[in-house]
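Record features, source TrEMBL:
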- A:7-287: domain 'UvrD-like helicase ATP-binding' (DOMAIN)
- A:28, A:29, A:30, A:31, A:32, A:33, A:34, A:35, A:285: ATP binding site (BINDING)
- A:288-576: domain 'UvrD-like helicase C-terminal' (DOMAIN)
DNA sequence: ATCCCTGCTTTTTTT
DNA sequence: AAGCAGGGAT
């Protein structure tokens, strides 16, 4: 096979695109044109090699990445319609698709519910003895890691080192049982259950292998054991030659804390001895200085694969390090530096990004940007779907789809208040436990009058009848064949639950207004999807089908065109993105190598630091042209100010002499600041987001 | 059942 | 400093 560059790609890139003789691993450094390779490869397979687009699947970790990839392939194909036949989705969406079709093999009804982590939290809360929030979250975390590691409750119990772990393991067992009783799955099950299915049912596995013959896996270093197992099950066996391309970068593995193991990269070589290894080392994003710093930092990690980024974009401007007296000053100074630079260089606001380790750091920065009247957008914060008012509505929808969904039942039945209280629910709960049925069923079960008085029973029955009525409307054969118009059912739901009234009753005028606004937006968005989406591509969906879709959409992506505003983001959320000018704040010991759990075993400390270092590496490599780092000498923590040390990663960057201006950067005096303010005020104003 | 006050805690990242 | 859990009062 020729290595001659094609498609306007460099040598290794086109090699990665053209190689279709077997499994391939593309080690793609930051900014090395990874997405370009994937999209080009898909195009090449369809147009030059005659692959049926329906047999190609590309798996990503975020909906955003999937959307972008599909879009880009669509633009490259001569027949853009073919892009719609591709399977481009997240691991979790693929899991849902598989479970939907094969649920009968798993003893799951097709209207299973998908529980979000809040629901799972309350589930664990009921199973655990303590009420300690941190402990419960810890148990939840343990369970998630076990699921992602394909560890059964029995194994977990055997391996338990401490009593706490044994406790978690026992809860893990009943947790799985409870979910099964609810006919519900959690996030991790979306991968785990398909794995079980494929392991136990060769015919089903064979069917999906025939359907998806070629797999592309993005961000492979972020896969966990369970996801890798799914990949293996899909590409091997039954006389099939493994055909896939995994794309990843061990230096950007930053999701170890949720079970991802970058050892999967090395395992790939073991499991597929004829694995073709291709390295992409030319960077098309950043200046040499930035890459030099990135390389220098990451060199301190033991390497799985040797890799050095380089670019032809010139040496670039020096990287600057500023020390600040405290976090308020830091935020203010960054805001001032950005606005000064913005006017000097006549840049767009959107050319700047402020990156930080933890979400809480965003607060001070937001304040500073607001007082400076600089527009900004925050990514990685609370998502639209996590808002309480949206979850309330969702609880009703989920209950319509699956009356056995007890968490949804509890939430919907008690919001808005309708005379169903704790004691009522407890009686109902123990009754349902005794008869092994869901809360919903229990309401109509004979003998319930014995444990609940008429006064308590009546509101429950009214509530259930309300849900049943809507449910029958949603599934009744309608004009489209799949039930009443989703919009109509939604309208009736909104009216019947009196949610608006409840909001104004329970909250301040202003809060209620904004919450109701969110609800309306959400409902309209649902109606839109029910009609088959904006581009009238997808099929018309009824309300029940919509709810399963929503469960996965944790982030409302690509709403409007991006406004001209500074981007604020956590380092994690910034992966995959790039900005001309990057400010990385809070580069301190304890924050950027984040101080982990003090109780964590010492031997894992090194690994933690390595992951933090990769996080630093990700941050540096987001920058295209300039990079500035700030750290605080003092920071408010808890009650008092605490001394901070500059991050060890700064020293590791080995900045050229002269690159790092002597630590003390001038702090603008109030008078100078006033001058800058005046300058700002005379400039055209931008309106801040609400 | 809900509201308000007091007192105590406080690891971050997210499909 | 702030958010949250728990307890006491209405």
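Don't overthink the numbers, they just go from 1 along the chain as shown.
Keep in mind that glycine also has a Cβ here, set from the backbone N, Cα and C atoms.
Around residue A:30 (ATP binding site), taking its Cβ as the centre, 24 other Cβ atoms fall within 10 Å, counting all chains. For the ATP site, the Cβ centre of A:28, A:29, A:30, A:31, A:32, A:33, A:34, A:35, A:285 serves as reference, and the other residues of the chain with Cβ at most 8 Å from it are A:249, A:280, A:283, A:284. Residue A:285 (ATP binding site) counts 21 other C-beta atoms within 10 Å of its own C-beta, drawing on all protein chains shown. Proximity of residue A:32 (ATP binding site) to non-local residues of its own chain (separation of 6 or more, Cβ distance below 8 Å) is seen for A:13, A:280, A:281, A:282, A:283, A:284, A:309, given in sequence order. Around residue A:34 (ATP binding site), the same-chain residues six or more apart in sequence whose CB sits under 8 Å from its CB are A:26, A:28, A:218, A:247, A:249, A:280, listed in sequence order.
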